[in-house]
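Copied over from TrEMBL:
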- 528-797: domain 'Ion transport' (DOMAIN)
- 528-550: transmembrane segment (TRANSMEM)
- 557-576: transmembrane segment (TRANSMEM)
- 596-614: transmembrane segment (TRANSMEM)
- 621-641: transmembrane segment (TRANSMEM)
- 647-672: transmembrane segment (TRANSMEM)
- 729-746: transmembrane segment (TRANSMEM)
- 766-791: transmembrane segment (TRANSMEM)
Amino acid sequence: MGPIITFTSYSVPSKLFKISIKAFYYEGYCLEEVCFVGSRENERLLVKCDDCYIIDPQNLSDKHIFHSELFDIDNIYNYNYVIELRGQHLWINNLAQNKEWCDFLNKKPKKYNKINAHSCGKDILKIIQCTLERYKRNSNEVNYDKPYRGKLYIWDINESEDYLTITAYKDEKQMENLIISKLDDYGEPFVEFKLLESDDLIMISSFGIYIWTIKSSCLITLLYFWFNVDIYQNCAQKTAKQALIDQLMFLTKSFGSKNIPPSPYFDQLIRHSKRLIYKRKVEKTKVKFSEGEKTKVKFSGLLEDYMNDATILKLYGKELIQVLLDKNQSEQIKVVFNNFLNQCLLQPLYDNDIYTFIKSADIITYMLLKLELFDKNFRFIDRFLSKTALLIPDAYKSSIDNYSALSHLEHCGIYVHLPYLQKISPFDYIFFWISDIWKFLKEKSQIYKFSKFPYIVYSSYFTSPKKTIKLIVPLLNFATYPEKEYFDYNELIYLSDNIFTSLNTPEYYKWWNIKALVKFKWATYGKYYYFAIWTIYSIFMTCFVVVATIPPSKISWSSQAILLVITVILGVFHFTFEVRQFVHGPKSYIASPWNWFDLSAVLFPTITSLIWLLDKPPSMWVLTVSSLLLELKFLMFLRALEYFGTYFAIMIGVAQQVFSFLIVLGVIILAFSHSLHLLLRPTTEYSYDKPSYTDDPNNPWNLVARYQSILPGGVIGESSLITTPDENTNLFAVLDTAIIAVYFILTGDSSAVSPWVLRKNWTLVILLIMFSFFTTIYLMNLFIGLLGMAIDATNNEESFLKLRGEILSEIELFWMLPYQRRKKNWFPQILFYEASIDELKKYVKSVKDEDYDDVSQPYLSSAILNITECGSNLEEKINERFDVMSKEFKNLVEQIAELTRSINNEKNKNEEK
């Protein structure tokens with residue numbers, strides 16, 4: 001059996017699939033041509049392979065072999081016309097007038113496909129409009145006993161006193177009876193029964209719309225239910241007829257441009273989940289029952305069907321998840337999310353249905369941030385990333401590049417912003433000019449070879465082609481922004497996060513798709529924006545530092561004024577971005593110490609420069625602090641560069657992890673500082689200008705050094721000199737200096753307590769012993785151990801990528817204009833990137849060896865496993881073959897050695913003779 005080709009029929013313009021089948025073609029034949037012929041209801045799919053097949057798009061099971069000269073290989077098809085060349089003449093055949101084609105279309109199909117009812121939106125809308133017009137004309141007749149014959153099923157409705165019995169038949173055999181109330185919730189009968197193109201039965205009442213279908217188990221099931229709650233709540237003020245008209249008018253407006261029925265009213269299904277909607281009575285054909293089997297069916301069953309129906313999730317997934325969030329249905333949200341990932345996201349990709357994959361990714365990523373905020377413990381984002389980390393766009397063999405020059409996780413392909421194709425900018429003219437010059441150089445072979453030599457050397461000695469696999473990342477609503485046709489000025493003040501800008505922990509950056517996304521964003525626009533921001537800040541810093549550093553005698557006031565004005569302007573410019581960050585997230589902004597540092601680095605020099613211009617030169621300490629903040633912030637710009645970024649990630653990550661320990665250490669220092677302040681502060685009045693000797697041992701005049709003269713003969717004289725005390729004599733006299741003194745003791749400098757005689761102050765000795773043991777010995781060694789653990793935890797690529805991701809998020813949210821966030825070459829819907837197969841094998845092996853929980857277990861498709869296992873099997877075979885050859889070679893060497901010895905022995909014997 002040859003390759004399997006899947007045909008899927010979509011409705012236009014909704015692009016919702018109707019039916020899907022798999023067609024098999026035998027080995028030895030190739031698919032020559034696939035195209036549409038005919039038009040409107042006579043449109044057919046022409047497939048040329050070993051034979052010429054004609055397939056009805058509305059009924060893919062209706063496949064016929066059509067032998068005719070109309071569909072020869074060399075003919076050209078244009079819907080209703082077939083163009084062929086006969087000798088020297090061009091013939092145009094109109095299919096609508098061709099007897100052979102018309103006879104073929106008139107044949108009744110032998111098989112029918114079940115069409116998806118949700119693709120019959122145009123049919124449903126037409127029925128609703130006809131019912132609405134009929135009721136407006138006061139025509140209220142309803143015929144219950146009319147059979148409704150479809151291509152696959154026959155529906156029959158029988159009326160009794162209080163109930164309606166719905167019976168379904170297939171091939172003249174009864175499948176099931178349903179018993180429903182004759183009256184709806186208004187107490188009014190159903191007003192319309194119609195058969196849809198999908199062979200499903202639609203029922204219209206004042207209460208809402210019902211669509212019944214046949215499941216594969218031959219059971220009649222409620223497929224669709226809709227009603228408007230506002231009209232239902234105001235039913236007391238309206239007649240049933242007016243309520244029906246209002247319902248139908250509202251429903252016709254809810255269809256939209258794609259003729260898709262509005263979402264079922266999920267709120268009603270959740271709120272009244274125990275409400276009985278019908279009774280099922282199954283007639284047994286082989287075993288007779290006197291009363292039959294009755295089953296009660298409730299709204300909860302319909303909601304469960306919706307949660308497990310891939311079509312419902314694709315069409316109404318956003319509405320369903322939003323209602324479940326509003327109703328706080330945690331368990332049901334988890335079920336819907338898992339079903340969506342498996343049925344709507346991964347399965348279409350496995351079937352090479354890229355359109356459905358993109359549409360499904362759009363829905364799940366649109367709600368992903370809300371889901372994460374709803375229940376962080378379930379880790380919705382982690383589950384999504386783990387399932388989409390290694391996605392192959394099509395058959396893996398065509399995605400493999402054996403000689404790729406791209407690095408691991410580097411994006412591939414060209415992403416184009418459509419407006420750029422509609423106009424030519426000055427940069428395009430420059431590019432065209434460079435292209436013309438390069439073309440001219442290529443014609444001059446010597447010049448071209450000389451200019452290409454450096455690249456040849458680089459590519460030969462510094463790069464090596466590697467085997468890679470092409471993977472994809474769905475980015476729609478994950479790392480993109482909502483489309484808008486106009487310039488929204490509100491985005492200059494506030495812009496909502498997307499999922500990428502909300503990734504706030506390094507764990508998210510361990511996935512390959514996020515690593516590839518960060519590399520793409522940095523290479524595409526991030527580095528250019530970042531270096532531009534860095535340049536602007538460098539000008540801001542340089543202007544202030546030059547004025548603060550160069551003495552006034554060596555620079556004129558006019559030059560100083562110009563530099564200070566530039567500092568103020570650029571400072572206000574940077575301050576506006578700080579304000580926007582605060583407006584975007586006040587709590588997160590206040591909680592981050594780095595934001596306070598950035599704000600200080602901007603405000604200190606800006607305010608200082610403004611005061612300098614308007615009043616007088618500021619104090620020296622103000623200049624010192626301002627310059628220090630500016631230069632430290634300049635140093636922080638190095639964190640985005642990979643060469644320095646790892647160390648900054650370690651420093652920042654360690655500071656965040658040991659911050660709580662530093663608070664504990666600070667409280668201990670404060671406690672001992674207060675204790676020593678109480679113990680060593682002076683208890684009498686004193687003055688540094690006038691000596692005052694008292695019995696207080698803590699008096700600064702009693703703590704200073706005394707110098708006495710030594711007379712001839714070694715006799716100590718009565719006169720003495722003393723050092724004048726100052727505020728540094730007794731640092732414990734005031735609490736703030738006591739804190740500084742204790743910090744110095746922590747670092748090993750005990751000079752602050754040297755003026756006191758320890759033998760006479762045992763309390764001081766005990767406090768010093770306690771402080772040195774608990775802080776200098778115990779806590780500081782513990783702190784060193786915690787630092788080591790924190791360094792090990794942050795010394796990784798993920799911590800650096802998190803820093804770069806934060807920078808990219810700030811650029812997108814605060815530095816880009818609204819139209820720049822919609823550029824498709826910067827924010828594509830799907831990102832293609834290449835991964836090294838060697839690295840992929842290591843990654844898959846680590847996944848198999850390590851124990852992952854349900855959340856972080858990566859999804860490994862069969863294609864990924866085939867790639868890695870093929871490589872592993874090949875490597876194992878090579879190793880086995882190498883071992884066998886090594887043994888054979890070793891045996892051969894031993895045989896040669898044995899043969900050499902025997903020859904030498906024979907030679908020696910001959911010589912002796």
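Don't overthink the numbers, they just go from 1 along the chain as shown.
Including glycine, each Cβ sits where the backbone N, Cα and C put it.
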At least three Cβ pairs under 8 Å linking the transmembrane segment (596-614) and the transmembrane segment (647-672), pairs spaced 6 or more in sequence?
no
Are there residues at least six beyond either end of the transmembrane segment (766-791) with Cβ under 8 Å to its Cβ atoms? List them, or say none.
650, 653-654, 657-658, 661, 665, 668-669, 672, 675-676, 679, 742, 745-746, 748, 750, 753, 758
Out of 528-550, 557-576, 621-641, 647-672, which stretch touches the transmembrane segment (729-746) the most, going by CB pairs under 8 Å?
647-672
With a cut-off of 8 Å between Cβ atoms, can you find at least three pairs linking the transmembrane segment (621-641) to the transmembrane segment (647-672)? Only pairs 6 or more residues apart in sequence count.
yes
Check the domain 'Ion transport' (528-797) for me and report the mean pLDDT.
88
